[in-house]
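The next block holds one structure in the form of structure tokens; read it before the comments.
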Amino acid sequence: MSSEKEKSEPVIEVEQSQPSAMNVVDNPLQRVSKDRVLSDVEEFCKTHNLAEHTALFRRAALVARDSTNFANVSELEEEELTALHYERDHKWAGPFQMWYSIILCAVGAATQGWDQTGSNGANLSFPEEFGIAGTGRDEWIVGVVNSIIFLSAGLIGAFIVDPLNHYLGRRGEIFLTALILFATPIGSGFTHSWQALFAVRFILGIGIGAKNATVPIFSSELAPARIRGALVMFWQLWVTFGIFAGFAANVIVKDVPRIAWRLQLGSAFIPAFFLALGIYFCPESPRWLMKHGKHDQAFQSYLRIRSHPIIAARDLYISYVMYLEEIANAKGASYFARLRDCFTVPRIRRANYGASTVMLAQQMCGINIISFYSSSIFRDVGYTADQALYASLGYGALQFVFTIPTVFLIDTKGRRTLTLMTFPLMFLFLLAAGLSLLKTTGTQGERLGPLVLFVYLFTIMYSLGEGPVAFQYSAEVFPTVQREQGMAWAVCINNTFAGVLGLTFPRMTTVFTPTGAFGFYAALNLIAWVMIFCFVRETKELTLEEIDQVFSVPTSTYIKYESTVWLPWFIKRYIFFRKDVPRPAPLIEKVAFVDHDHTATHSVAHTEDKEEK
């Protein structure tokens, strides 16, 4: 290699005292010289109506080129250097507009939880009102009325996300679905037949599916990488708040004669009202604006959700560079072509494996048999209707309270670690809850106390792992080009199987008995653990663009590493407590970038991203 060519490329160095990773998170700006980066920035600003900010973007691009060593960028102004230091040292710092937007999106999640628990309480009385309180056919009708919101969400709502987002933007789509979620709960309270209730909930489900696929994406595109997991998981935190609030509403109106179930279903309009009202004051997603060629507006949006112009310019420019790479690698441009990419392009397919796994696992674990039917379950095993509602309220409160710690764990322990730790415990507690139903002697407390205890323990484990991870993980793993299609598919998986669960569980408890039904879902927790071990890759503290590199490793390579390298080490270190066992080299890791007079060396071997057969 000639010396001139060597001078045109950067250096990537790895500390040799540490084990070398098999794969490195790559930054495209490090593949070219500093002069080329600055030249590209000038062209970018000139082309996208940002010429007046050229000097700022030149400095921002140098920071983006090696964001961990920004102090070495001599071109930075003192104020900019201070802002970058503050961002690094204050993990939770951010402007009001960023926090407002994230929290408002989280409020939107409460609509889903409230709708679930409204029907949970209504199940105690609306079947009698409509003459469908029997067994056999009536159980299937109750199941389909409960489940239709998830079936229409998964099979229809999730797949209209792309056109709605394309024409209305993220904010416009959220506003439209908020209006649907405002009107349909009220409408359900005025129905006078199960057929009419079914129809209203069918429309409600379409709104839920479209909202569920957009709000987590919107949150992930607004949040900074360092706390993206915590901020996006506000979605799950507020789903659990909605569940708790729904149960609270069920208890509040339980003594209203004859119309309690109507109020329980109708009360879910409350969070949708605040979502529709508040979304107007949020900025549009900068990545959506960039995707639609509105780079100057994207910069203005970033200025509202980042604490300093240098940070806003850095995030916009690295997003732009990575988006160009995604476009170059995309196989198709139409809706169906991009959806096909989710199953055919290796990098996107691997992300789809992970997203589909966590979404399916959320239904396999059995949490929604509690969310949908806890009041009926508790009543059928011996509680009064009022006692069943209060027991369900305790379930909702625990789910909300124990989701809060995960805000601080998800970006430190990581998504994969939390799920792998909690699923075995969920299996044990759900199985114990089912077996406790076999006790038929003794006082009511002796018979029912263990059931409630193990259901509560199961709920705590879910709240610390799978609950917060599913939607947060799915929203971040797809590249910008396929994000709507990928998230639509993930939401389809989640809601469709939630619908199947809601449809089948009333009949399952009759055919399998409650113990058999609990045991069935307990066993699915173990299967879900194996799926997560094989297909869910860690994404903590990576930018949405860096996540592309995580999924560059072929699935066969990933599974082989996890099963033959990481798992044996984990067993020796934490099962047999052998402190002398060295930690193996990570499969994927970020490395420091150092530019030494443009001399090119590369001290880390990359695994080739081959097409998986």
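For all residues, glycine too, the Cβ spot is worked out from N, Cα and C.
Looking at the stretches 196-218, 311-333, the one that TrEMBL records under the feature transmembrane segment is 196-218. A contact between the transmembrane segment (388-410) and the transmembrane segment (173-190) is absent, since fewer than 3 of their C-beta pairs, 6 or more residues apart, lie under 8 Å. Contact check: the transmembrane segment (448-465) against the transmembrane segment (196-218) gives fewer than three Cβ pairs closer than 8 Å, residues 6 or more apart, which falls short of the contact criterion. Averaged over the domain 'Major facilitator superfamily (MFS) profile' (101-540), the predicted model reaches a pLDDT of 86.
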